[in-house]
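Database features, via Swiss-Prot:
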type	residues	note
COMPBIAS	14-23	compositional bias 'Basic and acidic residues'
COMPBIAS	590-601	compositional bias 'Basic and acidic residues'
COMPBIAS	677-694	compositional bias 'Basic and acidic residues'
COMPBIAS	882-891	compositional bias 'Basic and acidic residues'
MOD_RES	2	N-acetylalanine
MOD_RES	906	omega-N-methylarginine
REGION	2-351	region 'Mediates interaction with PRPF3'
REPEAT	126-158	repeat 'HAT 1'
REPEAT	164-195	repeat 'HAT 2'
REPEAT	201-237	repeat 'HAT 3'
REPEAT	242-275	repeat 'HAT 4'
REPEAT	324-356	repeat 'HAT 5'
REPEAT	359-391	repeat 'HAT 6'
REPEAT	394-430	repeat 'HAT 7'
REPEAT	487-520	repeat 'HAT 8'
MOTIF	601-608	motif 'Nuclear localization signal'
């Protein structure tokens, strides 16, 4: 904030010495100076009223008429104005929208956007009472941003009339400064408190506000300066001998802190002070300048980056943590949270630092409370809050209420509810004095366990189709408490019986856990009984359970017990081995069946190939049948340019063309088609081949080249059509479309740019629709050198802010779905999943602004009907793809090394063509007989499809008789 009026002329010179500022920072500085001038007049007027005419206003550069300018400025800034509508229809429309928003909030009170829209409309309509209530309701649920608080404060200041209203505004300021660290709100608070200096205790109130503001944001490198100067401005306006020392003290405190514009502050102090500046102050000032140089790189990184600047703040936090100043660490965390309030990990790190280092009750609990208000969907924040309240001795009733709020927070996973219940049950267990046989706390703990099991079964299973606790961890903990702390093994056994009936009886580790509990707190009889049941039920590791049973009987059992145990284990293991053998035989049969099918397919392909070869020999004039027609995957309706229409008419003479009619569809309409004679077609194909020279791939240009695929095969002149698209990314050197031997476009090409940044920008055009198909754009990579290189632009892990929607009608458009999703939050991105032909698959991914909106959307949209289709909505969490195992070679008996058949990450592909040499696929056969002599080894009989059967003398005789 600016200095006194007489030093305002030196501001430009001081500003030139300041550190670098971004454009936004310069605007803030200008705004701060404007507020400082208003503050000067407000301070002068208030001091005049307090001290009377004895104070010389002209000496301080303030006129008497400026006394009420602060109130006028505040009113002009914040007054919403009187909106006059030209049409009553618009006002009625706003009223209907207000009613709709109120109804929506009655259904879902956690809809942040609805609160904001309702406040905006009520303020627009001038409903001051209703807008105040709406703001209060929102502030109880969510922390408000600096803009929302300033708007609310300005409205309340403009309506304040007397001292009672001023106290109400003070209370509002106190709430505002608790949500986030806001230098502008503290500045407004100080300015407003100056206006009440004439009231009883007004002077002490102003100083208290400014001192608290300095404690909160006085260390702020870029915005703390305004508060220091505002405080000095206030003290300088009160001309008393005792106050001069106060101004000296403020100057010395400020100069000892590394802040921007320190040189200007030092120059101002030299000009203001009549005495020489003490040496200790100069030393502290020089030390602060040195510290400023260390902080400048981090501050400059923040100024140059764009919000939310999480990475820059993380680096700044790490730097402050190394230095270890608690005040500065707290400040940088608060600054980071202003822009990253929806990042749970940042809240967790901040609260963890406070829990372990500062341990100040009010500060710790305040941060935990703000954390759950900002990220209510994060169960870790709620669990940490319960622990912090217990750690600082908060009343049990308050902790219970907080836990009930956590259950209504809307967690996005079933396991989150298990975690919060476990945290609360741990707290209740620590309250119980188990030395007493019965107590109120113990009964409350047992009731909580019972309620937890019912809640997971009814509420959680109904919502997520799973309890979130398949291993029954809560019941296991309850059983341990009953057995170890309450000496109630009967209850523990009942709980374990219930655990086993929930699908856990087949797991050896569950039985061994129960056995260990019986071993520690039960008796041998129940241990033996548990192991006998385990032997009969376990299916994953029966050998281990059998070994434990035999070990127990060996050390504690009688001969009869030993015989029974041996008999049961042998019977069980024999049955298990029999089942395993049957399963292995079944699997081997399936493998053999697959191999037989593969052999049949192979034989059929060989027969087909031999037949084509025979036809080719018989009719050399016909077109080669072994040329494959390239068919687009998933696009059965698109006609390929390589296909020829059969024409029943005779072939015209050479050099002529004939106009024939070809049936165009079931309607019976015919279309005239010009058919060229074969000679011209051959000439045209030959010319196409001559016009398309082969270009060797230059791997040195891979960085400036992109590979474009999935283009329509029917695309005419790909270069002409694709060049305008890619020239938007930068200068295109050439486009190399790939054609077949017949001159047909094969659906992919290479685009070479002049600069590498253009190629990187072109990758953003991936999935862009071209002639109705999604165009794939990927980096140009030599697959022979990088066989594992894959490009997938979307995340394959859990994304809590993104939804996966299935069951959509194929006719649903992106705009229609976006309109539905917008009702539940801000949609950042929406993607309809299509196949290669561009046709929808009934799936979509919707990305929301934060996890809270996504969680609410799941609850509201799951099971919704869209165009008679019931959709399913869930948090995006794609299943893990199977990673192919590393191939290993195996050697066939008496043959060469064999390579096992391997598949990609998605399993078998559509094209089951083996690209391995035949010599590696089966035992090598002897080479066929050479042209000039016999082979080195006897030939192995080839399949019947590829070699004619051997004929006897009788067969040859029959052939001669036929003639």
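All positions are counted from 1 along the displayed chain.
Using N, Cα and C of the backbone, Cβ positions are placed for all residues, glycine too.
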Subject >> Three-state composition of the motif 'Nuclear localization signal' (601-608), taking helix and strand from DSSP >> reply: 8 helix, 0 strand, 0 coil
Original post:
Quick one: do the repeat 'HAT 5' (324-356) and the repeat 'HAT 3' (201-237) reach 3+ CB pairs under 8 Å, ignoring pairs fewer than 6 apart in sequence?
Top reply: yes
Subject >> Criterion met for the repeat 'HAT 1' (126-158) and the repeat 'HAT 8' (487-520) (at least three Cβ pairs under 8 Å) >> reply: no
Original post:
Hey, which bits of the same chain come close to the repeat 'HAT 8' (487-520), Cβ under 8 Å, at least six residues off its ends?
Top reply: 470-472, 475-476, 478-480, 526-527, 530-531, 533-534, 537-542, 544-545, 548
**OP:** For the repeat 'HAT 6' (359-391), jot down how many residues DSSP puts in helix, in strand and in coil.
**Re:** 27 helix, 0 strand, 6 coil
Subject >> Taken over the repeat 'HAT 3' (201-237), the model's mean pLDDT >> reply: 83
Original post:
By a Cβ-Cβ criterion of under 8 Å, what residues six or more beyond either terminus of the repeat 'HAT 6' (359-391) are in contact with it?
Top reply: 110, 141-143, 178-179, 330, 337, 341-344, 347-348, 350-352, 398-399, 402-403, 405-406, 409-412, 416-417, 419-420, 423-424, 427, 430, 800, 851-852, 855
